[in-house]
Amino acid sequence: MLLGKFLLVASFILPIAYTWTGATIRNHPADVVAARNKITSRSVARSEPTNSYIRPCYFTNWAQYRQGRAKFVPEDYTPGLCTHILFAFGWMNADYTVRAYDPADLPNDWAGEGMYRRVNKLKVTDTQLKTLLSFGGWSFGTALFQGMAASSASRKVFIDSAITFVRTWGFDGIDIDWEYPSGATDMANYVALVKELKAACESEAGSTGKDRLLVTAAVAAGPATIDAGYDIPNLAPNFDFILLMSYDFFGAWASLVGFNSPLYATTELPAEWNGWNVDSSARYWNQKGMPKEKIIVGMPTYGRGWTLNNASAINPGTSGSPAKITQYVQEAGVGAYFEFCEMLANGATRYWDSQSQVPYLVQGNQWWSYDDEESFANKMAYVKREGYGGAFVWTLDFDDFNAGCSNSNGQLYPLISVIAKELGGVIIPKKGGVTTAPTTVATTVTTGRPPMTSAVTTTTAATTTTTRAATTTTASNTNVCSGKSDGFYPNSNNCGLFVLCLSSKSYSMSCPSGLQYSASLKYCTTSTASGCSVTTTRAPTTTTKSAPTVTTTTRAPTTTTPAFKCTKDGFFGVPSDCLKFIRCVNGISYNFECPNGLSFHADTMMCDRPDPSKCAK
């Protein structure tokens with residue numbers, strides 16, 4: 001996984017008690033801008049049910065920030081598509097307690113009920129669906145995992161906190177995405193962590209009467225990384241299943257052109273790479289002690305590409321540099337499936353490697369390795385033939401989830417629908433299908449498999465906090481968002497209020513005390529600069545129950561500081577003023593102030609109690 005970039009829906013989100021270093025993408029960054037075509041609820045039909053296979057799908061919370069057709073939200077999910085949804089990602093504090101990665105994951109004024117609840121509400125229409133919160137990811141790094149796993153005391157802090165957190169928000173399990181444990185110490189500590197996590201989940205289930213939380217992990221596919229980090233015989237009994245990241249075997253970080261996720265080896269590449277494929281990785285995990293039924297094979301809905309050094313040398317094994325930035329993903333060498341189908345519709349040539357059983361496409365000097373319906377079908381046949389536990393996807397949002405490709409024939413999720421059909425007997429409808437939920441979906445386990453059910457009752461919030469209630473369309477702004485794109489709009493009756501439009505729904509919001517919303521600037525500013533002449537009044541506040549968290553109310557961004565140049569995404573302190581900080585997104589800087597007398601701590605990248613030693617230097 002590489003650190004990704006993303007666009008903020010609300011550029012004034014403040015990282016109070018959240019270390020928000022930019023959106024994380026498993027194994028590849030993605031920032032997509034396009035025209036959106038939103039699909040809501042749909043029904044599924046069933047073909048031959050094959051109930052023994054697990055079909056998890058990773059949901060990325062930052063896909064909500066994309067624009068147009070590429071914007072993905074939980075409501076774009078189709079019932080029956082997956083057996084499990086893994087929410088990427090949960091995060092960890094320096095004291096090893098867990099927290100939300102993004103304020104939008106939790107209920108707040110501008111995001112409504114929050115992504116956690118929106119994802120878990122999918123279980124209302126997909127009654128067999130299970131959800132897990134995945135902790136970690138590539139950009140999370142290894143240091144916090146290593147520190148947390150180093151002692152029984154610190155492991156207990158994480159485990160107890162994680163169990164409470166996922167129960168509070170209605171998840172059915174915990175997924176560990178440590179990329180990657182390495183060395184004898186990490187190997188031993190990783191085993192201890194997983195054993196103690198499993199035991200704690202069993203104890204919690206016994207004391208509460210709830211179904212046990214699932215315990216899973218995303219794991220490496222490269223032989224050397226497997227050997228360096230995983231004591232597989234001692235891990236195997238404690239996992240319900242593992243998610244084998246059988247992709248990113250080749251990418252533009254190296255000049256050698258190869259396949260992102262080949263099923264088998266190819267003689268086109270040097271023999272030293274013969275172990276770098278799906279089959280070899282899955283077999284290796286099994287040979288080292290992981291039961292086949294617990295191995296869930298990874299399926300990418302994205303691809304990797306190169307700019308060929310010689311446009312006439314198109315066979316795998318040639319050389320190149322990263323492919324050009326694509327229209328949506330905006331990261332050299334990485335593309336989404338819905339981009340590849342457009343390339344093919346616009347003249348790219350598709351080739352098929354009969355040995356690796358995957359396609360690649362060439363368009364001029366651009367060479368892309370990707371997966372399509374044919375390679376997905378071949379891999380599903382392989383999973384069934386070899387007896388593995390199922391297949392998972394990274395990610396939901398890189399498939400053509402809304403049938404936006406010009407040659408899609410209206411098929412929603414053309415790649416993931418292959419998994420649903422071949423492993424679950426579920427037929428995903430075409431765009432515009434009947435909007436009723438399936439009465440039955442594929443179950444997640446068969447007799448002899450570890451228990452996979454974990455119906456959770458969301459825990460009532462433990463604390464009371466005073467917040468401004470997010471409301472749908474108000475009387476003074478009836479249908480204000482009808483036909484409008486997502487974004488911020490002025491309140492026609494009150495300069496101190498403004499409206500956030502999301503998916504044609506409106507949310508009333510208010511500026512910090514004394515400020516007014518500027519329709520031209522699109523943020524809150526002084527009354528003299530706002531250009532608004534409507535009488536200003538403050539929005540009422542109500543006391544509501546919420547899950548234990550910290551205040552996320554922020555001050556609006558001021559104008560960009562000319563002297564600061566954004567060289568990477570993230571949060572940065574302002575050396576001349578401890579109360580201020582800068583958020584960089586795609587090379588653009590946004591200025592913020594910490595609220596309520598707090599100061600910005602450069603080490604934690606949070607607003608906290610004033611401490612001059614923590615200010616940016």
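Every residue, even glycine, has its Cβ placed from backbone N, Cα and C.
Not measured: the values here are computed from a predicted model.
In Swiss-Prot this protein carries:
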DOMAIN    53-426  domain 'GH18'
DISULFID  C57-C82  disulfide bond
ACT_SITE  E179  active site, proton donor
CARBOHYD  N310  N-linked glycosylation site
DISULFID  C511-C524  disulfide bond
DOMAIN    563-617  domain 'Chitin-binding type-2 2'
DISULFID  C594-C607  disulfide bond
Proximal but sequence-remote residues of the same chain as C57 (disulfide bond) (Cβ under 8 Å, at least 6 apart): L81, C82, H84, I85, L86, F392, V393, T395, L396, I416
Cα-Cα distance linking the residue listed as 'active site, proton donor' and the residue listed as 'N-linked glycosylation site', given in Å to the nearest integer: 35
Where the residue listed as 'N-linked glycosylation site' falls in three-state DSSP terms: coil
